[in-house]
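**Student:** So that we are looking at the same thing, I have put the structure below in structure tokens.
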């Protein structure tokens with residue numbers, strides 16, 4: 001993997017990330033393909049219609065169903081899903097923590113019960129890399145120790161310490177695998193934790209960034225804290241991260257969140273928001289959100305966003321989409337997801353272009369002016 | 001509308017039906033677009049991926065939601081859905097009869113309650129043509145008087161008589177509209193009733209076929225009777241129908257039903273089976289049905305049908321599709337529907353080709369040999 005930083009404008013960065021499967025221009029938004037499919041879309045939609053260069057797969061989900069061994073047998077995520085560009089897979093820790101009724105961390109890993117059949121499983125730093133090895137993702141995330149907030153200072157301190165210990169085990173294990181000729185095309189990112197506490201973030205970032213990871217993520221945000229707390233935390237963390245490695249803000253966010261965090265030096269994002277909102281009838285536009293359920297759209301001949309050139313806006317009226325939504329027709333979910341993801345991917349392209357020409361501040365003002 | 005009969009082979013027929021919106025080669029299968037969308041697919045799927053030349057819309061559903069006036073305002077079904085080829089719409093009578101808790105026929109029409117909100121509505125022969133006028137379909141079906149079987153001979157006799165009376169009113173009304181410059185591009189088909197009783201079928205066919213309809217349908221079959229009874233009824237009815245007008249067997253059927261009824265001289269079919277079965281994980285192939293739920297497909301690298309060149313079979317393995325089905329991923333429903341409709345449309349093409357070269361019997365034997 002190579003990361004070339006092409007331009008900076010203030011703290012905002014434009015770069016190019018090259019994996020064994022695709023060339024990714026940053027800042028980039030990664031659509032979430034939970035179980036090996038971006039919800040309601042197929043690989044052809046992701047490449048030929050949306051031209052997404054990288055998507056995210058959820059290790060927890062794929063491990064439980066169909067099982068990482070099945071995915072491995074079928075040629076890894078690339079062979080299995082036929083999406084031939086890049087995959088980033090998370091560690092599975094977040095879902096083990098949030099979807100399982102019972103999850104418990106100890107010094108070696110996380111015990112959890114499957115949300116599908118209640119069976120018990122144990123994720124260790126090494127185990128989640130083995131799983132991601134089977135999945136064959138281009139970027140693997142390491143296991144981190146998450147804590148439910150609010151938590152005591154002691155518990156947060158323990159989380160930071162464990163996250164660092166697990167990071168050491170992860171990189172040792174990964175480099176040893178590579179020395180044996182395995183996981184050659186796979187890259188490994190660490191995850192900075194510490195909630196919104198500046199001191200914990202500083203400790204976590206400093207400890208992790210000393211290690212030779214291929215990139216670094218900021219985790220544990222967008223979990224209910226005020227937006228400004230997220231922005232402030234990112235702002236204090238990015239300067240602690242290496243300049244010449246990609247920076248990934250996990251699970252973020254709204255269009256405003258993307259703009260604010262690109263401004264603060266983040267290169268990569270993922271979020272279920274564009275696809276989840278699509279399924280709820282909430283559509284993103286250059287002038288803000290639009291709820292297709294509103295009665296006024298029933299005879300509205302305009303596309304979702306007259307300024308949008310996506311697959312859906314080139315073809316269908318708000319009237320037709322409003323009808324499909326009311327009738328719960330499955331094709332609505334695809335058409336709305338195509339629109340929302342096109343909006344997210346387009347927003348990233350606009351920011352990149354502005355950074356490359358040194359006009360990010362102008363872009364930033366215009367972005368908010370259009371939604372006023 | 002023009003219908004050119006190009007070739008016959010035994011009773012099987014190949015023709016070309018030309019409407020204001022498309023040229024349709026027969027025999028033809030019409031995918032069902034219930035509420036103005038073939039379930040899980042959009043207009044682009046129907047044209048650019050499946051190349052379907054005609055689809056069916058359900059008058060009952062569209063009348064209730066979004067309402068035929070809304071569809072009219074948005075440019076009729078062609079403008080509203082952006083499917084720019086031909087639409088056939090049914091009369092709404094069948095759904096008023098089957099979906100409504102309360103439906104009641106009198107000499108002038110059918111009273112029913114909406115399955116959506118319980119509101120009361122009244123369909124007359126003229127009213128359903130007005131609705132279909134608003135929908136702007138290329139082929140309109142007239143209202144017929146359906147009876148729940150088993151029924152007394154007296155009730156069936158009344159149904160036949162009413163169907164003929166309503167047919168007279170329908171054609172008078174339609175031709176009067178056309179004389180006033182309305183519905184110029186719309187065509188009108190009558191529906192032969194009579195259950196599986198040869199005498200009732202003969203009476204109904206004779207009475208209706210004396211009138212100047214643009215085409216004729218055989219209704220009231222595929223409602224639970226034995227297959228052979230359907231085939232026998234079609235076999236005695238088609239010789240009573242005009243040679244130079246299209247013959248449409250409503251709501252039929254399985255691949256075997258299509259083959260058997262093309263053999264008996266039917267030109268047009270519609271059925272929810274390919275899309276409904278797709279949603280249940282049942283896939284059609286040249287060697288019979290395949291249930292993607294079966295455990296053996298979980299690591300099967302083959303496409304659904306190695307002999308199939310559809311969008312789905314060119315890309316995805318049974319393994320991946322089996323996973324998507326188990327995970328209830330929405331994209332499965334689209335991929336499976338694309339496959340099943342491709343199979344149905346392809347089967348019709350194969351039959352047409354065989355008829356054109358006088359080799360329908362050979363096709364027929366091979367069709368069954370492959371499934372043996």
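Note that the numbers count up from 1, one per residue, in the order the chain is shown.
Every residue, even glycine, has its Cβ placed from backbone N, Cα and C.
Pasting the relevant annotations from TrEMBL:
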type	residues	note
ACT_SITE	B:90	active site, proton acceptor
ACT_SITE	B:270	active site, nucleophile
BINDING	B:90, B:91, B:92, B:93, B:94, B:144, B:193, B:220	substrate binding site
BINDING	B:308, B:310, B:313, B:339	Zn(2+) binding site
DOMAIN	B:11-371	domain 'tRNA-guanine(15) transglycosylase-like'
REGION	B:251-257	region 'RNA binding'
REGION	B:275-279	region 'RNA binding'
**Student:** Setting B:90, B:91, B:92, B:93, B:94, B:144, B:193, B:220 aside, what same-chain residues sit with their Cβ within 8 Å of the center of the Cβ atoms that define the substrate site, listed in sequence order?
**Tutor:** B:97, B:141, B:143, B:146, B:191, B:219, B:250
**Student:** Among B:90, B:91, B:92, B:93, B:94, B:144, B:193, B:220, listed as contacts of substrate, what is the widest Cα spread in Å, to the nearest whole number?
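**Tutor:** For the residues that bind substrate, the greatest Cα distance is 16 Å.
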**Student:** What are the non-local neighbours of residue B:193 (substrate binding site), defined as same-chain residues 6+ apart in sequence with CB under 8 A from its CB?
**Tutor:** B:144, B:145, B:146, B:159, B:160, B:163, B:200, B:201, B:204, B:219, B:220
**Student:** Nearest to residue B:270 (active site, nucleophile) by Cα, among B:90, B:93, B:310 (recorded positions)?
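**Tutor:** Going through B:90, B:93, B:310 one by one, the Cα closest to that of residue B:270 (active site, nucleophile) is B:90.
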**Student:** For residue B:313 (Zn(2+) binding site) and residue B:91 (substrate binding site), determine the Cα separation and express it in whole Å.
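**Tutor:** The separation of the Cα atoms works out to 36 Å.
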**Student:** For residue B:93 (substrate binding site), what residues in its own chain, 6 or more apart in sequence, show a Cβ-Cβ distance under 8 Å?
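**Tutor:** The answer is B:60, B:110, B:123, B:128, B:143, B:144, B:145, B:146.
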**Student:** Between residue B:92 (substrate binding site) and residue B:339 (Zn(2+) binding site), how many Å separate their Cα atoms?
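**Tutor:** Checking the Cα atoms of residue B:92 (substrate binding site) and residue B:339 (Zn(2+) binding site) gives a distance of 28 Å.
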**Student:** Please list, for the region 'RNA binding' (B:275-279), how many residues fall into helix, strand and coil according to DSSP.
**Tutor:** 5 helix, 0 strand, 0 coil
**Student:** Of all the binding-site residues given, B:308, B:310, B:313, which residue's CB has the most CB neighbours within 10 A?
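**Tutor:** Of the binding-site residues B:308, B:310, B:313, the highest Cβ count within 10 Å belongs to B:313.
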**Student:** Have a look around residue B:220 (substrate binding site) and count the other CB atoms within 10 A of its CB, chains all included.
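**Tutor:** Summing over all protein chains shown, residue B:220 (substrate binding site) has 27 other Cβ atoms within 10 Å.
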**Student:** Could you list the residues of the same chain, at least six apart in sequence, whose Cβ is under 8 A from the Cβ of residue B:339 (Zn(2+) binding site)?
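**Tutor:** When sequence neighbours closer than 6 are ignored, residue B:339 (Zn(2+) binding site) has B:278, B:283, B:284, B:304, B:305, B:308, B:310, B:311, B:312, B:313 within Cβ distance under 8 Å.
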**Student:** For the recorded Zn(2+) site, enumerate neighbouring residues of the same chain (Cβ within 8 Å of the Cβ centroid of B:308, B:310, B:313, B:339, site residues themselves excluded), in sequence order.
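**Tutor:** What remains near the Cβ centre is B:303, B:304, B:305, B:309, B:311, B:312, B:314, B:338, B:342, B:343.
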**Student:** Near the Cβ of residue B:90 (active site, proton acceptor), how many other Cβ atoms are there if near means within 10 Å?
**Tutor:** 30
**Student:** Enumerate same-chain residues with a sequence separation of six or more from residue B:94 (substrate binding site) and a Cβ-Cβ distance below 8 A; give 'none' if the list is empty.
**Tutor:** B:60, B:146, B:219, B:251
**Student:** For the region 'RNA binding' (B:251-257), what's the mean pLDDT in this predicted model?
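**Tutor:** Looking only at the region 'RNA binding' (B:251-257), pLDDT averages out to 97.
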**Student:** Under DSSP, is residue B:270 (active site, nucleophile) part of a helix or a strand, or is it coil?
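**Tutor:** Reduced to three states, the DSSP call for residue B:270 (active site, nucleophile) is strand.
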**Student:** Could you count the residues of the region 'RNA binding' (B:251-257) that DSSP puts in helix, in strand and in coil?
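**Tutor:** Its residues divide into 3 helix, 0 strand, 4 coil.
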